[in-house]
Each structure stands twice: as structure tokens, then as C-alpha cells.
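Participant: The structure is given below, and queries will be raised subsequently.
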Amino acid sequence: MQQLRRPLGARKPIGYDRGLVDAYEPNVSTWLPADVAHGLLSEGGMPGHRPAGTYARDVLEQLLIDLSWYSSRLEGNTMSMLDTERLFRGGASGGDPEALMLLNHKRAIEFMVANVPVEGLHARMVRNIHALLMDGFLPNPRSLGAIRSTMVRITGTVYLPTQAPQLLQEMLQQILDKAAEVNNPVEASFFLWVSLAYLQPFEDGNKRVSRLAANIPLMVFNCAPLSFLDVDQDDYAQAMLAYYELRDLAPAADLFAWTYRRSCAKYALVLRQTPVGNPLRAKFGPKLIEAVQAVVHYRRPLANTLETLALPPHEREQFEPLLRSELEGLHEFNAARFDLSTRSVDDWIAAGRPL
């Protein structure tokens, strides 16, 4: 790390090395020490066999605050966590770029929780995450989610990412394909986090994308999310620079393991403090989300919604009371569970909660 303390002018420029990803063999190569990856999986795994995405959904309210705030703080955002909580309850940025950054994180995380369990890891998912995170920050809206065709410079480093769009496209796909094959979601998470930040496939916002995308394997395998709790901005930068310039994974691996252990401990506590869920909610989870969206956002009558779902009679007897109960308890502050905007819920409530 001593080399990274030298002035930029004394460090030799270095470019993208595709061989690092090319040489990675899923379930053979390990970028995290194998014992560390297995230990973290034991700490972060959710007990029992639950549908993909259950862990993230069960801790969603805390996750939205944590990941949005800590990721934004690593970008230099100065809004306090308390103000972030107030912002998320209100839902409007008022033209403040710091507020917009946080709200964009919230939208991207909600999108992931709703879609990752169904769609998994693929380029469309990552590109949509970029579009949500950077909405309102890029001069050209066509750059949202698009593989860049412009040069990027990273402040404070002599690393020069590749500028070839075709190579960016190829390497992004290879990174995602290989991560999807990895059996240990913690190893896959680390591989994604480092590889996406190193590739820099988008015009801006690449580190933000890498932090959220690192959660995709964890969601799929029902592990504790990764929120980068308490990570210092300088420590984060040094870990990235060590890989960019020296191809040294050790600082990033140490930082990842340290902060993921904190996430595992925090969200395990959140789960323990959460009342035991309704088993019917677990059974009907996706259909419940679909039905609530139909009634609240699309204003379809409840009876028509139930008919559209075409549940067998015995399941409808279980499902209808559950749906009515969820609709009765729906407010703007818990709308994220159903991938609804606070405005949609506010409008529905103001209309008298029509069924």
C-alpha cells in the first residue's frame, strides 16, 4: 500500500486487465479466502427453506435506510441518517441533489427486492439499477443504463479503464455469467462488487452500481444483505485503488469481510425482533404483491382482482382474508413491501381505500 501513497505523477499509469476475469473459474477460483467465504455464508444465511428474497423483504425498512445512506455517504453525501429517514417518509427531493441521490438508492433497492427473486442476475437487471441510481444526474438521459461510449477518469488514481464499448459489453456479460454460476453467494457478491467497479461499464455511478449489484446473489440465496455499514470513505478508496493499480485483492477482501459481518449481525437482530410472519403470507407472497398493486395502483375492484388470479377455491378462501388484512394495514410508510410508490398509496387512501 506504500506505493499508493506516492504522488500520482510518480505512479505508472495502468489500464484494464481482462485476464483477471477471464481466468476466474466459478467454484474453482476464489477471490475471497475460501474459509472466509464459507464462514460468512454461515453467519449470513437465513435459517430454513424460504422463497428467494425473503430475507431482504423481511428487513426491508431497515435495509432501505442503511444501504441508501451508507452507499451515498461513500459518494460524499452529507445528509444525516435522521434526515434520510424523514426524506423517505416524505418522498420528495425538492431539487436537492443529495436528497435525490438517496431517493434514487431507495427506488433502486425497492426495484431489486421486487424483481431479483423472480429474474435473478443478468445484464438487464444491472443496467436498470444504474438507470434508477443515476436518474437526474446524467446530462443525457440516454446514458441511463447504457454501456458507455465515452472516456471516464477516476479521481485520485492512475488507473485508466478501457474505453472500448464492445469490450465493456463483453466483459460485463462475462462477469455476470460467472457470478451467476458461483455456488457461494458471498463469494459471488465479492466478485461482483470488485469486478464491476474495476470495469466501469457506465458513464458515471459505477461504484454505486457495484455496491447494490453485490446484493443480488445474497438476495437470490436468502442471505443477509450487504449495506457497507460503518465503512470509512478513505478505507474504501484505498481498497479500490489497491485492486485498480496493484491487482491486490487483500484490502478489498478484508474490508468486505469486516463490513459484511456487521451486516450479518445487524440484520439477524432485526429478524429476531420482527414478529413471526404469517405462513400464508410466505405462501402467497408474489400473488399478494400482484393483488395489492392491482387494487391500489391500478384501482381494479377487489372482486375482479381475485377472479384474475384464478386461485383454486380452497386457496381463495385463505387468500382473500389475507389480502383484505394487508390492504387495511397499508400506509405510505410500509408501501415498499408491495413495490408501490408512496404517492400511489396516498392517493388510494385519500380516495377512501376503494375495494
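Glycine is no exception: its Cβ is also placed from the backbone N, Cα and C atoms.
Curation does not apply to TrEMBL; its annotations are automatic.
Per TrEMBL, ATP binding site is recorded for ASP204, GLY205, ASN206, LYS207, ARG208, VAL209, SER210, ARG211. Per TrEMBL, domain 'Fido' is recorded for 121-261.
How buried are the listed features, and what sits near them?
Facilitator: SER210 (ATP binding site): 23 other CB atoms within 10 A of its CB, across all protein chains.
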Participant: Run through the Cβ atoms and count how many others sit within 10 Å of the one on ARG211 (ATP binding site).
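Facilitator: I get 26 for this one.
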Participant: Write out, in the order they occur in the sequence, the residues of the chain not among ASP204, GLY205, ASN206, LYS207, ARG208, VAL209, SER210, ARG211 that have a C-beta within 8 Å of the mean position of the C-beta atoms of the recorded ATP site.
Facilitator: HIS130, LEU133, LEU196, ALA197, PHE202, LEU212
